[in-house]
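A.B. asks: TrEMBL feature annotations, pasted as is:
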DOMAIN    A:55-261  domain 'ABC transmembrane type-1'
TRANSMEM  A:6-26  transmembrane segment
TRANSMEM  A:59-81  transmembrane segment
TRANSMEM  A:87-104  transmembrane segment
TRANSMEM  A:141-163  transmembrane segment
TRANSMEM  A:184-206  transmembrane segment
TRANSMEM  A:248-268  transmembrane segment
Amino acid sequence: MSAPATLYVGFLVAAPLAILIAYSFWTQTYVTLDKTLTLQNYRDALADPLVRHLLLRSIMIAGAVTAVTVATAYPIAYFIAMKANKKTIWLLLITIPFWSSYLLRVFAWKLILGFNGVMNSALLWMGLIDEPLTFLLYNEFAVVLTLAHAWAPFAILPIYVSLQKIDPSLLEAATDLGNSKFQAFRRVTLPLTIPGIIAACLIIFIPTVGDYVTPSLVGGSDGKMIANLIQVQFGAANNWPLGATLSLMAMLSVGFVAIVLVITGTALGKRIR
Amino acid sequence: MSRPSKLTIYAFAYLGFLYLPVLFLPLFSFNSGTIVAFPIKGWTLDWYRKLGEQDALIQALWNSLTVGLIAAVLATSLGLFAARAFVRYRFRGQRASEGLVMLPLVIPGIIVASSMLVLFLFIGLKPSLTSVILGHTFLALPFAVSILKSAFDDFDASLEEASYDLGVGVFETFYRVTLPVVAPGIIASILVTFTVSFDEFVLAFFLSGNQPTLPVYIWGQIRFPAKLPNVLALGSILLLMSVLLLLLAEYFRRRSSSSK
């Protein structure tokens, strides 16, 4: 009985992918679509420094976002799992802001970080700065900050779940055997939460590479990512075959990095132990 | 009370960071000045009043409500059967099937959007609300399945068996036993999937053609500084609505998993 749902998703994954692949071997000449099979799009894309640059930057930014989000979220997950009295309330409090439109949250960050925005005007008003800070908006910093905010619960929850599963007697055993609290954390808690950390990394990294809204609104020209270029191909440039090629290249790079992430993460987890 | 630890202070500071953007939108929507900056000039409800006068906005709202409602019902119906099968039966290809249903959660939005645009045009479906509905059903399905799976987890299968033993048919059992018991889960799923669709932007941006949904309409307004206060007022209403809908969903979800 899961067939309808599986078929629906299967069809909407497989069919677009098949047509996307087909498109990537076709070419666009002005308004007509040339259906002769060719590798021209791939050659063009690989030879274009802009494509390489944007693809690399998307992966770097997604990597930075993943690292920042997981590093800042870990203590929160730890706090909720190990210290907080009212776990349910904390979990609810953490997820509520993310029940609102992603577009609106990114837009709010644009208003906060802008040259004449909330942050600058507040700092000026309080007399903490003499002129507006310019490094806040339209750069990679703004993109990383906004996305680290957007993905926070997706990092906190999987890490929380893996912390929750730890048997407290393991930690007691570690301290009884002469480990300091920090050593016990490093040698017991951290290795046992590696699966949660890897899950968080994947959940954040994969969609971030292809994010469109954040680089468009707060990225400026320094923060543009591959999704912006893909959108241009499907929109203004009207070169769908190239857009399809770029989509596939982005997908392949994401898949490759994700696999590397899982392998190194697992290996790291074994080494710490 | 002992002195709060560093970790506790960090937790509260982080909470502040999480709430910063969602609190500033409503705050400045009441600002009578048109620039979003401190100090706040004065308080007004004008921006909210002006919302009702904009026909394009009302049209976009209707589009979003239509899409959200249909996508929610479709995703929840598909999810209902899938979730029941996943929880109740063990079958060949189950893990693959469960994994596939969750896939929409992890594919980058731009790739889903561009590939669906290509597919729909290929099969002759012009960008329209119909294509947005099909796309949103796809995106919302993982949410429906995971909510309904937990509803079926707590469902005692012997209730259905008793019904069969008493000579009630498959369909009647479904209506008279299964549906009422998982009803809170179904309501939670509809609320959540509706909100997913209602807030979704990228897919609608690619697929809606000249029938914008509310987020696509907002995207068009963001570029004009003069429209800013209106967007703030509209955005604040939407924020509040999403949060209320999902709190309601959470209430039903808990009811579904506590009623044994």
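Even glycines carry a Cβ here, placed using N, Cα and C.
Keep in mind that what you see is a predicted model, and the values were worked out from it rather than measured.
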A.B. asks: Short question: most Cβ pairs under 8 Å with the transmembrane segment (A:184-206), which of A:6-26, A:59-81, A:87-104, A:141-163, A:248-268?
C.D. replies: A:141-163
A.B. asks: Test the contact criterion for the transmembrane segment (A:141-163) and the transmembrane segment (A:6-26): 3 or more CB pairs under 8 Å, pairs 6 or more apart in sequence, then answer yes or no.
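C.D. replies: As far as Cβ distances go (cut-off 8 Å, pairs 6 or more apart), the transmembrane segment (A:141-163) and the transmembrane segment (A:6-26) do not touch.
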A.B. asks: What else in the chain is close to the transmembrane segment (A:87-104), if you only count residues 6 or more beyond its ends and a Cβ gap under 8 Å?
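C.D. replies: Contacts of the transmembrane segment (A:87-104) (Cβ under 8 Å, skipping residues fewer than 6 from its ends): 76, 79-81, 150, 152-153, 156-157, 160, 213.
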A.B. asks: Excluding the flanking five residues on each side, which residues at least 6 beyond the ends of the transmembrane segment (A:248-268) place their CB within less than 8 Å of a CB in that stretch?
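C.D. replies: That would be 20-21, 24, 42, 45, 51, 55, 58-59, 63, 194, 197-198, 201-202, 205-206, 209-210, 226-227, 230.
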